[in-house]
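Peer 1: Just passing along the structure, written as structure tokens.
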Amino acid sequence: MYKKMSLRQLFSDRPPLNAVLQEKAQKLRYACSPSKCIHSLLSFLPIITWLPKYDWSHSFFGDLSGGLTMAVFSVPQGIALASITGVPPVYGLYTAIFPSFLYIFFGTSKHNALGGFAVLSLMTHGAIEKVMLRTATSYNATAYVNHTLDELLDKENETALISNTTLMQILGNETSFVEEVTMEMWTEGVTPVKQIHVATTIIFLAGVIQVFMGVFRLQYLTSLFSEQVMSGFVVGGGIHVFFAQIGNMLGIELPRRSGPGYLYYRIWDLVENLDNVHIPTVCISLSSFLFLVFGKEYLAPWLNSAFNYPVPFELVLVVVGITATNYAELSLRHDVKVVGNIPTEFPPPSLPRFDLIRHIGLNAAAIAITAVAIHITVAKVVEKRYKYKINHGQELYALGFVGVLSSFFPVFPVTSGFARSVVGAAVGGSTQLTCLFSSLALLSVILCIGPALEYLPQCILSAMIIFAQKGMLEKFGELKSLWPVFKIDFTIWLMSFFLTVCYDMGEGLLMAIGFAVLTTIIRTQRPKWHFLSRDDDTENYKETKKRDLERIQGNVCIFRMDAPLIFTSSDRFTMSVWQCVKKWERCKSESFVTIEQMNSDRSADIFDSKLKSARRRWKRDQKSENRCKLVIDCDGFPYVDYLGLSTLKSVYVDLQAAGIQCFFVVQKSDLKKLFRATDFYEVVDESKVFNKVGDAVKAAEQHISSPKTTKEILTALASIATTDTVLIDEESSDSNDNDDAEIQERITEESENSEEVMSETSVSIEDATSLTSSRNSINSEE
């Protein structure tokens, strides 16, 4: 494919190897200098750049107000997200403190605030359940390794190691089984794996993955998370969150479920336990939900405009719930479940459980990529709203460093949330110091008023979580705008939603991305092509609709396909070229006056059909001289691969064999180098490759041959028409109506490509008739 001489010519303008090596060594020496290394390390800490320029007089009080407001909203939200993750409530507050504080040093966004996210918490919960069950099963199996299966399951033996009850717990109720094994491990002096251990290991591994994404500049991978994929995924995640919290709202204790399709089992467990609904819990949940609906939907717009300050209805609900539960003793008298003990001390740092990495690798990768996609999406919205630039590459490092450093404290995976990011800005927050004040306020909440949160009912948290999913469910409105115009995007949205709901969060997201990529591949296999024509006003060549082809002067067809010419689209390109030629010639033929329009006498229809058939046959014999000239504009190809280049050569050869002169327009330097480095010019005449479309059109017009004389055309038509007269007369005696229809269809098809001849030579019906009559008389005399 590549020729030795062509490669030499291609790289002949490059400097000698020694000069290149010396230049590289000099650049490496400069990059490894102490000053450059220090500058590179400091580039990972944007705070060094913006903090000395901080405007204390104009920004301090706004950031302080924004931080306190953010802390007020983060208290109930953090506790609620901890319940989704399946860890103690205080860890939700820790998650709102440490990542947000660390992001100040590494982030480039002034408004992004890191914290828990419902979808990530649910994905983390699934990984925790998987690891806890695996660990419990593995430990439990070691106690029975020396026993046979019959001994373990002996129904008649009262000392059987595994009873039917225990077996049912393993198969149907993971909750009791995991808890019993955990208690047994504590009894025997073995430190069991806690849920927070799994969560911290996940955020550590996810942070490492995000750092590597930053090193290799893989932020472009977030482009795979199209808006439709993320919308369907987030809405599907909202469905998972709803069924994860509905049990707490109803006061039903449901068994743990995890793995693909666990949502079906969760729904079945919910239906089976409807008889166990706790009425006091339902009343508290319903009243809490109605309070949020009334306050957030009806009172909030009026109060926000009146006080110019967002009212924290969630915090008001938490205070009311704690007060009512404490003084009415709801947990003691009516068995209403509450949050429980919250430590009032600063957690000591500890290492993650590295031995769990082999169990959570895939989960951590899915969580890492999802967190990056959500964070970059929020960053883009913030960029657009507040009109400043965010370094997306540095944001990958920021997420990674925050994850790795936060894993030394009891936290779970985090990302940005749009509501959390703008709530501080709504009251004046304008820099990253907003997160600093928020973290300090949350820390004071834990150390000072943490014990008061012990009386918060869990059903109130569940009501807050389910109400928060309302915004996600509003994304169903996107389908209405997608369906009329963007049907493929509509399908991607629905597939992402159904895969997330029906399968699982992590696996469903990966399959949704795969489906979106598949639709992209299919669309590259069916690229759009169009004709080009000259604009008389600008003298440039523009896209022309197929119905406007008859307005184009001349017989030079300009073809352009706007898509990569690669292995997925090469067959489509070949088909499109021939389709272009066919439509061009048919349109040019139909644009001239037909014989039916020249002679409307119905008595001459049979002769007209014979004459059109004769013209069609003559045109077919002469087509190698009068077919259109094709110009292929290669600037529509972003890039061309090996098969695409072979397709170009094959199309050129086939067009030449069919009598169609083919010309190419190439302006891109990369494509020119590709042509010269390969054997392209051994197949294609280099004189037929041009830099501009206008030059190619002029060259094509010079190749058009002069038409036949009128006498030659009429003589040929009359000769062929005489033969057709005899053949059609013989066939008509034995044909039925269907045969006549077939002949008429064939005649019509032939006339479509032959009427150009009559227009070019101004042939009339009378001339052809007289010539044919004289020809018949000569034949009769013979």
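Heads up, residue numbers simply count up from 1 along the chain you see.
Glycine is treated like the rest: Cβ placed from N, Cα and C.
These came from Swiss-Prot, pasted as-is:
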- 728-742: compositional bias 'Acidic residues' (COMPBIAS)
- 767-782: compositional bias 'Polar residues' (COMPBIAS)
- 546-700: domain 'STAS' (DOMAIN)
- 728-782: region 'Disordered' (REGION)
- 30-52: transmembrane segment (TRANSMEM)
- 64-84: transmembrane segment (TRANSMEM)
- 86-106: transmembrane segment (TRANSMEM)
- 113-133: transmembrane segment (TRANSMEM)
- 196-216: transmembrane segment (TRANSMEM)
- 232-252: transmembrane segment (TRANSMEM)
- 274-294: transmembrane segment (TRANSMEM)
- 302-322: transmembrane segment (TRANSMEM)
- 359-379: transmembrane segment (TRANSMEM)
- 398-418: transmembrane segment (TRANSMEM)
- 433-453: transmembrane segment (TRANSMEM)
- 497-517: transmembrane segment (TRANSMEM)
Peer 1: Using a Cβ cut-off of under 8 Å, list the residues of the same chain at least 6 residues beyond the transmembrane segment (30-52) that approach it.
Peer 2: 104-108, 391, 394, 397, 401, 431-432
Peer 1: Between the stretches 113-133, 196-216, 398-418, which one has more Cβ pairs under 8 Å with the transmembrane segment (86-106) than any other?
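Peer 2: The stretch I would name here is 398-418.
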Peer 1: For the transmembrane segment (64-84), I need the partner stretch with the highest count of C-beta pairs below 8 angstroms, choosing only from 113-133, 196-216, 433-453.
Peer 2: 433-453
Peer 1: Short question: which residues 6 or more past the ends of the transmembrane segment (113-133) have a Cβ under 8 Å from it?
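Peer 2: Tertiary neighbours of the transmembrane segment (113-133) are 70, 74, 77-78, 81-82, 84-87, 92, 95-96, 99-100, 103, 174, 177-178, 193, 195, 198-199, 202, 233-234, 237-238, 240-241, 244, 256-259, 262, 356, 359-360, 363-364, 366-367, 370-371, 374, 399, 402, 412-417, 420-421, 424, 434-435, 438, 465, 468-469, 504-506.
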